[in-house]
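Undergrad: First the structure, then my questions, so here it is.
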Amino acid sequence: MEKYVLSIDQGTTSSRAVLFNKQGELIHSAQSEFKQFYPQSGWVEHNPSEIWGSVLSVIAAVLTESGTKETQIDSIGITNQRETTIVWNRHTGKPIYPAIVWQSRQTQPIVNELKRQNLEQWFQDKTGLLLDPYFSGTKVKWILDQVEGAREQAENGELLFGTVDSWLIWNLTAGKVHVTDYTNASRTLLYNIFELQWDAEICEMLQVPMAMLPEVKSSSEIYGKTDKSTFFGQEIPIAGIAGDQQAALFGQNCTEKGMAKNTYGTGCFLLMNTGEKAVKSSNGLLTTIAWGIDGKVSYALEGSVFVAGSAVQWLRDGLRMLKTAADSETYAKRVPSTDGVYVVPAFVGLGTPYWDSDARGAIFGLTRGTEKEHFVRATLESLAYQTKDVLDCMEQDSGIEIDMLRADGGAVSNDFLMQFQSDILQKNVELARLNETTALGAAFLAGLATGFWNSIEDVCNLSSVQKEYSPQMEKATTDELYGGWKKAVAATRHFK
Ligand SMILES: Nc1ncnc2c1ncn2[C@@H]1O[C@H](COP(=O)(O)OP(=O)(O)O)[C@@H](O)[C@H]1O
Ligand SMILES: O=P(O)(O)OC[C@H](O)CO
C-alpha cells in the first residue's frame, strides 16, 4: 500500500492536516478553524485544549476522507504558528493559562521596562530578535507573574513551557516527550541563536526557570512516536518540526544562501536564507534560524508585515466593499492606477522596518474622483509596497541581491497583486506548483529523517513552478509610485 507523510499545520486561525506522497503531491487535506479570544484590547488568546482537539479532528478527517489507513503513514511533520506561548502542568497535562498568541500585546509593559533599561542591544546580540511583545519570553514571564502560585510551581519543576509544536508533541506522545526545534526556539527571546542553547542570563533576567524549557532538537529527526492510546492506535514517528515561516522557506526550496520567499497570508513574512552565517540587521529585520538538519544550522533574515491579507478582509468585512477577497482583483484591474490614492494599513502599528506600535492606518490622496476601484487597488498595492520596504532592508543588511522572490499564501492567487509586486520590486516573482508550501516543508523535514526521501536535493527536484511574473512597468514609474508610498508612511507615523 502506498505510504504518505502526514503534515500538521497548526496556524493562527485554523489547523490543517495534509497528506503527501513520495512525489510531493498533495493527496488530501482537511482544515478546522478554532476560536479566537480577545479578552482585552490588544490581547489575543487561544484555548490550548481546543487547538489540540482541532488537530485531532483534522487528522481524523484527512484519514477518513481519503480512505487512508494509519499504517500507511510513514511519519508526521509538524509546523506551527510561532511564538504563541503555552504553560502547562507536567503531571496533569493541563494548561495553567490560555495560549498567549504571537499577536497579543499584553506584555507591552514588560517590554517597555526592558527598553527603559536599554537592554534592546543585549537581547539582539544573543537572540537576533528585537524587544517586542511578539516573542514568547515576555509572555512566559507574564503568565508566571499573573497566575497565582505559578512561579513557585515553575521553580519546583512542575510546569512546562512550550510553543505550539511542543504542546502538540507532548500530547501526541501522551506526555513522554517535551521538545522543540531550533526554528521555534529561535523565536522565544530565551534562546541564544549563536551559541545554540537556552540563555541562562536571559532566563534569569525574565525569571523563567530553565527546568520549564523543552529540549531543543534539530528540525529533522525522530523525536518520539505517537502513543498507541491516541486515536492512531499505533506508533508513528514524529520526525520533523519547523515554525510555519521556516517550513514555507524549506517547502519553497530556498535551500541556498540568497534565496527568499514571501508568504502573503493575514500578514506577510519575508525570509531570506543567509546560509551558515547569522546576519545581524541594522534595519529592523530579525535574525533567526532557518532550520537545523544533520548537525548543520542555517540562518535566515526575516521581515514581518503585520497587516497584508487582513487588509483585504477589512475591505470585505469592515467596509463591505467586496463580497469575496478574490473580487479585489476585479476592482483593481478596472482602473489603470490608484489615481494618487495610498492606503497605509497600519491597523496594529507597523512591523519591519518601522517597528512603530503606535502608528495607526491612514488614507491619502482622496479627490472627488476617487472611486471604490481606486481604493481597493490602493489597498492591494500596500501589500506590495510593504514587501518592498522589507526586501530593500534585506538586501542592504545581507549585501546579497535577491534576484527572484518566491511567493506563497492565500493572496498569491491575486494576479493583479503578483504582477504589481513584480513591477514594484523590478524582480521576477515566482509561484510554486503547490500553494501548501508550509505543510510541504514540514513533510519534507519528516520524510528526510525517516528515509522516505533521501536528500535535500531529492526533495528540491520534486518542486516546479506554476507561474512566473516579470516586471512590465518602467523603473522610473515604479520609483515614483514607491516614493509616494514612503511619503504616505512618513505622514502616517507623524499623525499620533
Ligand atoms: N484573491 C485574493 N486577493 C487578495 N487577498 C486574498 C485573496 N485570497 C485570499 N486573500 C487573503 O489571504 C488571507 C488568507 O491567506 P492564508 O494564507 O490562508 O492566511 P493565514 O495562513 O495567515 O490564515 C486572507 O487575509 C485573505 O484576505
Ligand atoms: O499562522 P500564520 O500563518 O498567520 O503565521 C504566524 C507566524 O508564525 C507568526 O510569527
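Each residue, glycine too, has its Cβ placed from N, Cα and C.
Positions annotated as sn-glycerol 3-phosphate binding site by TrEMBL: Thr12, Arg82, Glu83, Tyr134, Asp244. Annotation comment: TrEMBL describes Thr12, Thr13, Ser14, Thr266, Gly309, Gln313, Gly410 as ATP binding site. The ADP binding site annotation in TrEMBL covers Thr12, Arg16, Thr266, Gly309, Gly410, Asn414. Marked as glycerol binding site by TrEMBL: Arg82, Glu83, Tyr134, Asp244, Gln245. Residues or ranges marked as domain 'Carbohydrate kinase FGGY N-terminal' by TrEMBL: 4-251. The annotation domain 'Carbohydrate kinase FGGY C-terminal' is assigned in TrEMBL to 261-449.
A description of the local structural setting of each listed feature is requested, covering burial, neighbours and distances.
TA: Close to Glu83 (sn-glycerol 3-phosphate binding site) in the fold, though at least 6 residues off in sequence, lie Trp102, Tyr134, Phe135, Ser136, Lys139, Thr163, Arg187, Thr188, each with a CB less than 8 Å from its CB. When secondary structure is read from DSSP and collapsed to three states, Glu83 (sn-glycerol 3-phosphate binding site) falls in the coil class.
The local packing around Gly410 (ATP binding site), expressed as other Cβ atoms within 10 Å of its Cβ over all shown chains, amounts to 16.
Around the Cβ of Thr266 (ATP binding site), the number of neighbouring Cβ atoms within 10 Å comes to 22.
DSSP assigns Tyr134 (sn-glycerol 3-phosphate binding site) to coil in the three-state reduction, outside any helix or strand.
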Undergrad: Taking 8 Å from the centroid of the Cβ atoms of Arg82, Glu83, Tyr134, Asp244, Gln245 as the cut-off, which other residues in that chain fall inside it around the glycerol site?
TA: Gln81, Thr84, Trp102, Arg187, Gly243, Phe269
Undergrad: Which binding-site residues, if any, among Arg16, Tyr134, Gln245, Gln313, Gly410, Asn414 have a Cβ under 6 Å from ligand 1, given in order along the chain?
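TA: Once distances to ligand 1 are taken from each Cβ, Gln313, Gly410, Asn414 fall under 6 Å.
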Undergrad: Which binding-site residues from the list Thr13, Arg82, Tyr134, Asp244, Thr266, Gly309 come close to ligand 2, meaning a Cβ under 6 Å from one of its atoms?
TA: Arg82, Asp244, Thr266
Undergrad: Cβ distance under 8 Å to Gln313 (ATP binding site), same chain, sequence separation 6 or more: which residues?
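TA: Non-local contacts for Gln313 (ATP binding site): Ala325.
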Undergrad: Check the DSSP secondary structure of Asn414 (ADP binding site), expressed as helix, strand or coil.
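TA: Looking at the DSSP assignment, Asn414 (ADP binding site) belongs to neither helix nor strand, so coil.
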